[in-house]
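Okay, so here's the structure we're looking at.
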Amino acid sequence: MKKNALKSAKCSLLAARNASLQRKRRLGIDLGEAGLGPERIRGGPFRLSSGSTAGNLPPMHNFQNAENLVLGDVEIVAAGGNVERHRHEHIHVHIHIARSGRRTRGIADPPPRLNPTTERIHDIITLNIQLMEQTNQDAANQFHARGIDRMISYKQTGNLSDMTDGISMLQQAVNLTPEGDPNLPGRLCNLVNALLIRHRETGELTDIVDAIGMQRKAVELIPEGSANLPGLLNNLGTSLTRRFERAGDLSDIDDAIAVHRQAMELTPKRRFLTRPYQEPWKLQKVVDLTPQGNPNLTGFLSNLGLSLMCRFEHTSELADIERAISAQKKAAKITPQGHPELPGLLNNLGASLIRRFHLTHERSVVTYAIAVQRKALSITPEGHADRPGYLNNLGLSYHYRFTSSGDRADLEETLSLFKAAAFCAVGPPQVKFDAAQRWAGTLIQHRPDSTEEIFLSCDTALGLVALMAGLEQTVRGRHAQIEKTAGLAMEAAAAACARDRPDKALEWLEEGHCLVWSQLTHLRSPLDSLRIQNDALAQDISDVAKQLEHAGSSRSQSHAGMSLSEKVSVEDEARSHLDLAQRWSNLLEAARKIPGFESFLKPSPCSALMEHLPKSGPIIVINVNNLEKRRCDALALLAGLDEPLHIPLPNFSIKKAGDYRTILGSQLHARRLRVREVEETRGIRSAPVGKGGDVHRVLRGIWEEVVKPILHALGFSSIDQTSGELPPRVWWCPTGPLSFLPLHAAGIYRGPNADSVSNYVVSSYTPTVTALTERVKNPRSVDPKASGLLLTSQPHVPDTSPIPGTTKEVRSIFKRAEESGMRALKLEGEELSIAECLDHMQHFSSIHLACHGSQNAAEPLQSRFLFHQGSLELGAILQSNLQNGDLAFLSACQTSTGEEKLSDEAVHLAAGMLAAGYQRVVGTMWSIGDQAGQDVATSFYEYLFTQRQEGTSNGGFDGTHSAFALHHAIQELRRKLDDSEDSLLSWIPFVHFGY
């Protein structure tokens, strides 16, 4: 979903629910835009707090508050033995602690007196417990009452152990309440609200996941037409929104919108007429009609202030923000010291003041904002989940004052606050990440000589990325989180290069590059060394790794067409996934306590990366970025060196990379190079738009500004193509927009100065350095019984263009394989089902897929190859965990083209096949002509068949020389072509990945 669409979806949600004014977290720019670049700090975002709530309505009906504890029907036994059902204050008793769940007092502070209502509740519950004990009431009732009592004690003392005990007792009550018991929905709601309190306090994801599962179950248990159903749905929508804000899964925000709309449809119109929370003028009327001393006034004022702030975001009218500030001041003023809502009210007041400062530039306003935010921070204890956000907001305010006044004391305070926020032990990782990257960006701009602190800040930020995109999320969810951090690793690496630390640059690029594929690699890491030390622990890690891999790629996602019971099942899956991730973390911690395993599955230091480099050629990592004077650097990793060789590329920039990509993309679009088609009917179309020579210009620019300087610095010389001498190999590992440019084809192809990369080296690509060094470190021989080549052509897939040349291509290769005595299997079209293909892949080390390919950037594991009998999805291949994978030749379109928003994640089929277990892959950057595909494939295999390794017997297949085979095949094709742009575009798309 594009950023504007996502913003629109969130606005729809906020308009749909009456709790929107409390839960809106982000006003201003998206967190993903707050990179290291200091210029990105300006303008926010400020994190708003949930604010005070209004109204003493039963929580099943209360559209403002999803967090009120309710007391279900409590059985009280009188002295005479008669059982009465007392409905204290209409059964559902409102407990104010549930409004916020904030523990805002210090340990030494005396506990505040409970208000009269809460004291009465506490007394009644105590009496109920005593009577139930005397009359042997059922355990569920007793646990339920005791749980409520402990939550009230938490309200009084702020003691987390009271809350923990309360949740445990409420959970016991739910566990002991049978299905069909009318008390079960109410008890579920009480447990949900207690969990939400703890989530607000600690930020633990498990609590919100558990709460959503129970809310779905409660909704399922409530009969249609129940007056409680709209409130339950509204509360569920609020929880789904919270989880979206925490984990970034778009299915949660879609589901939240749906349930809020359902709640609105089920709510009588007259109720909306009495709850005008959406428009400021209506809220103002509510405030005007509410007398002083009414406990609801604080909530009404807070809602009014937030509503006016929201309107200011769209109007930029000074009157709106002034009225917002006025309302928020009054709300804070009438809120007593020690009240759990006060920090949030002050935080929101500070946010409004900063918005006024941006409009008026009055320094006194930002100074007042700082004072207000400091007070909010001072009454928020260490260990509270809101503290990182408050620290971050205060840091931003100091930064704004520093940019206005130039006072270095404000700069130091800014840095101190960002650092403190980044290092908070609790709180959402995204908030801490936001603070860490601001800390780094501010240092780079204003204290560029603070090298060690810059490195610490970058290390911290990159470490938080892994927490944001943790294994508890699906692959789609992880990619959604990674989008918010785009460019961070490249900017950090540029800062390291500028300070002559190529070792740190390499570590950061590797840590921030292809995170999801790296996680999969960790899940499949060999455990032989660990087994020697602790076989049981190694086996536990292996078992959990397999389960996590399956959960990440196959977990169900909630959608509108699901029944309630199916959605409950989805939440159960989510909780199980979360438990697996926590167990994985605990197992890794246990392994790292073993001497010699302190760095087990941690990001590799530079020394480890340099230890297992291929001897046949260097790995070239190229970094482009917007930071540090828009510099571009290459890091050459050569076997035998202790650290990377730093090669500055002063004539190249991220802007040039983007421009070249745009030019090349327009040429591909003009020629409709999107799918493989029959060249006899389509041909390679000449571009009807643009200036002639655009492709030549791009290739020349890449050659002169990037590739040639690197080859020159490494001392490569041109190879005489007629000598039969094999050129050395090079592995390219580009970043950012450079990932979409054909480095392997860089060159000048016309005129007396014609020269190109293929005259010097044989090019391959690798998604990460580790993907290659792991192959060197852990060489894997193919089982001779599995060594062989599986070939399939799929020429007439429904709803795609026919590609009859694939049949000729596969038959030609198969015939030549048979002549060579090679073990091969050919299955065409309808002869091969998806299940059969997956089975054959286990028994054949290599595969040739001549078919249409389809990439899915949003769900990369759903990228697929199109067969007559269905689709072979990447996720299914990954789950096969191929142990004997050698070569995959993907004779299909765009199998190595990534996604712009995830340019550093290598979200394409070629990288996916490497992750699935193949050691080397041939793919395409864009569509290939049917005839060109045939020519390259047949020349490729002819080279392999004639260059088979000695010792390859029993009809085995060996893809070791695949990079040289592709180099040879492309040279053969080029000899048939001229130097026109159409000819260039016919051979350039073929690329080699892997060892």
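Cβ atoms are placed via backbone N, Cα and C, with glycine included.
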Matching 787-806, 947-966, 967-986 to TrEMBL annotations, region 'Disordered' lands on 787-806
Which stretch, out of 86-106, 275-295, 548-568, 674-694, is listed as region 'Disordered' by TrEMBL? 548-568
Per the Cβ under 8 Å criterion, with at least 6 residues separating them from its ends, the region 'Disordered' (787-806) contacts 675-678, 813-814, 817, 822-829, 832, 837, 840-841, 843-852, 865-868, 884, 886, 891, 930-931, 933-934, 952, 954-958
Can you count helix, strand and coil residues in the region 'Disordered' (787-806) using DSSP? 2 helix, 5 strand, 13 coil
